[in-house]
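Here the structure is laid out as structure tokens; the discussion comes afterwards.
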Amino acid sequence: MKQLESFEIPRTVIFGPGAISKTPQVVAKHKAERILIISGKSVTANYANEVAHLLSGYSVDVVRYDEVDTSYSKYDLVLGVGGGRPIDVAKVYSYLHRAPLIVIPTSASHDGIASPYVSYALSQKMASHGKIVASPIAIIADTTVILNAPSRLLKAGIGDLLGKIVAVRDWQLAHRLKGEEYSEYAAHLALTSYRIVVSNAFRIKNFTKEEDVRVLVKALIGCGVAMGIAGSSRPCSGSEHLFAHAVELLLGEKNNEAIHGELVALGTVVMAYLHGMNWRRIKRVAKEVGLPTTLKQIGIDADVAIEALTTAHTLRPDRYTILGSGLGKEAARRALETTELI
């Protein structure tokens with residue numbers, strides 16, 4: 001008999017033109033007095049200040065993500081306004097101090113805008129605090145704001161969504177071979193997000209209209225809900241993400257060109273090949289929307305790619321994927337050459 005299950009998902013999701021103006025109504029539901037707004041460094045700081053102005057009746061501090069003192073516990077509500085880093089730091093603060101979290105994304109480059117989890121790099125850095133899990137109580141996605149984000153970031157959001165088909169296949173494999181717990185519902189949600197973006201990819205690829213962003217945001221939020229239901233990032237992060245993380249770790253500070261969602265899209269192609277899936281279709285969609293289809297296009301040489309593919313399985317030994325116990329260098333080279341990623 002299965003044991004008791006529980007999960008947390010956002011209670012309130014508001015998205016569309018001008019959604020940011022609804023922030024006071026959302027905040028009012030939570031009886032907060034002292035509010036911390038965590039922002040980015042540039043344009044996102046302007047949006048954070050706009051939110052602070054809307055909340056002028058409260059005690060509000062706006063702090064850049066790289067200046068937040070996570071040990072300071074005086075706030076009873078935290079808002080993450082910006083892209084990945086401000087939202088991740090807001091999740092950390094929320095987790096450490098049990099402060100409710102509201103996410104206000106200014107871009108849509110990955111599914112972190114709705115998930116309870118932080119990036120791999122930050123989770124490793126914060127490992128001494130345990131697994132960082134902070135499900136947003138609300139997501140306010142102003143599609144007018146997101147439409148103004150660089151189109152490359154929005155296309156990276158499509159890249160991140162392409163990965164869901166491999167992530168679910170990896171999860172199914174782990175369920176069959178290792179007896180890992182599997183949620184059909186969470187997997188279906190993740191795959192639905194993948195299908196939504198693939199079926200609309202050609203129409204939305206230029207992100208010239210609000211409705212284009214709306215499709216992307218809906219799909220990314222669906223992924224966040226899938227992870228909340230699964231109780232892990234499993235339905236949305238498999239071998240394709242391990243490859244992306246491995247590349248990012250190898251490049252470190254030298255990574256000046258590659259965006260996470262772009263790496264995920266490329267990882268999806270090679271992992272689909274290893275799974276025996278139709279990797280050419282995935283690559284065709286990536287090309288249609290203007291995502292890179294070779295590693296060279298984003299400044300990654302063959303040696304780094306091969307090293308990443310042979311070491312990716314070591315990043316999360318607890319997460320079984322198509323990589324199994326790892327690929328040898330020749331097998332990795334062959335996979336990357338066959339898929340014409342190098």
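Using N, Cα and C of the backbone, Cβ positions are placed for all residues, glycine too.
Record features, source Swiss-Prot:
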- Gly84, Arg85, Pro86, Ile87, Asp88, Thr106, Ser107, Ala108, Ser109, Ser115: NAD(+) binding site (BINDING)
- Asp111, Asp160, His245: substrate binding site (BINDING)
- Asp160, His241, His260: Zn(2+) binding site (BINDING)
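In the set Asp160, His241, His245, none of the binding-site residues has a C-alpha within 10 Å of the C-alpha of Gly84 (NAD(+) binding site). In this record, NAD(+) is bound by Gly84, Arg85, Pro86, Ile87, Asp88, Thr106, Ser107, Ala108, Ser109, Ser115; the longest C-alpha to C-alpha distance in that set is 16 Å. Sequence-distant contacts (6 or more apart, same chain, Cβ under 8 Å) of Pro86 (NAD(+) binding site) comprise Ile38, Ser39, Gly40, Thr44, Ala48, Arg64, Tyr65, Gly80. Note on proximity: of the binding-site residues Asp111, Asp160, His241, His245, His260, the one nearest Asp88 (NAD(+) binding site) is Asp111, by Cα distance. A distance of 8 Å separates the Cα atom of His260 (Zn(2+) binding site) from that of Asp160 (substrate binding site). The binding-site residues examined here are Asp88, Asp160; by Cβ neighbour count within 10 Å, the least packed of them is Asp88. Most Cβ neighbours within 10 Å, among the binding-site residues His241, His245, His260: His241 holds that distinction in the structure as shown. Candidate binding-site residues: Ser107, Ser109. Fewest other C-beta atoms within 10 angstroms, Ser107.
It is 7 Å from the Cα atom of Ser109 (NAD(+) binding site) to that of Asp160 (substrate binding site). Counting only same-chain residues six or more apart in sequence, the Cβ atoms lying under 8 angstroms from the Cβ of Asp111 (substrate binding site) belong to Asp160, Leu161, Leu220, Cys223, Gly224, Met227, Cys236.
Report note: the substrate site is defined by Asp111, Asp160, His245, and the residues of the same chain whose CB lies within 8 Å of the CB centroid of those residues, excluding them, are His110, Gly112, Gly163, Cys236, Ser237, His241, Ala244, His260, Gly261, Val264.
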